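Read the structure below first, then the notes.
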Amino acid sequence: MKQLVIFGALVFAPFYMVHSEVPEHCLLPQDVGTAPASTAEDFQIMLYYDAAKDLCYPFKYLGEGGNANRFTLERLCMRNCSAKAEEIYPVDESKACHFKKALGECFGTYLRYFYDPIHEKCKKFHWTGCVGNGNRFIDHQACNATCAGIHDEGSEDEEDEPDTPIALILGVVLGITGGIIIGVVIFLVIQSK
């Protein structure tokens, strides 16, 4: 029996320690709140902390009520709730300049910038809208202000950074092709009369 108690303590101690370090409001379930009658169609995108996954995820907050497990930024959510916050969003933001780019786990497409410390420059990437790290900046200027001059040794080849998105190129080509086809059809209709 004594061995069973020791085994149980060893198994559940890490679980208890992890959850006892997380503030109570971070353990609350996601709560979308209620919508005020005057703004029934308005909502805000907020983040809640998922203690089981130790990550923050977006949700539609309706505007009133809800609970304290609601944050405006992933950085704030992780820093308030996660034990690994310093590894992902360090207090000294320049430490994050050494992190690899993190694309995220959602399905959005948001233009952001990350710092490549091997090639010493800020580069564009598309973030999915949730889950990432501190090496993600809203614009080139914020990236440079935080990371300029930071260098890591490495021999990785530099990724190509396309200036024009492939979707834009494809849209222009299809638009021109469609215009030509419509022009030819109109020309043939006029010629047949």
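Just so it is clear, glycine is given a Cβ too, placed from its N, Cα and C backbone atoms.
Features of the protein shown, as given by TrEMBL:
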- 26-81: domain 'BPTI/Kunitz inhibitor' (DOMAIN)
- 97-147: domain 'BPTI/Kunitz inhibitor' (DOMAIN)
- 1-20: signal peptide (SIGNAL)
- 166-190: transmembrane segment (TRANSMEM)
Averaged over the domain 'BPTI/Kunitz inhibitor' (26-81), what pLDDT does the prediction give?
92
Per DSSP, how many helix, strand and coil residues does the domain 'BPTI/Kunitz inhibitor' (97-147) have?
10 helix, 15 strand, 26 coil
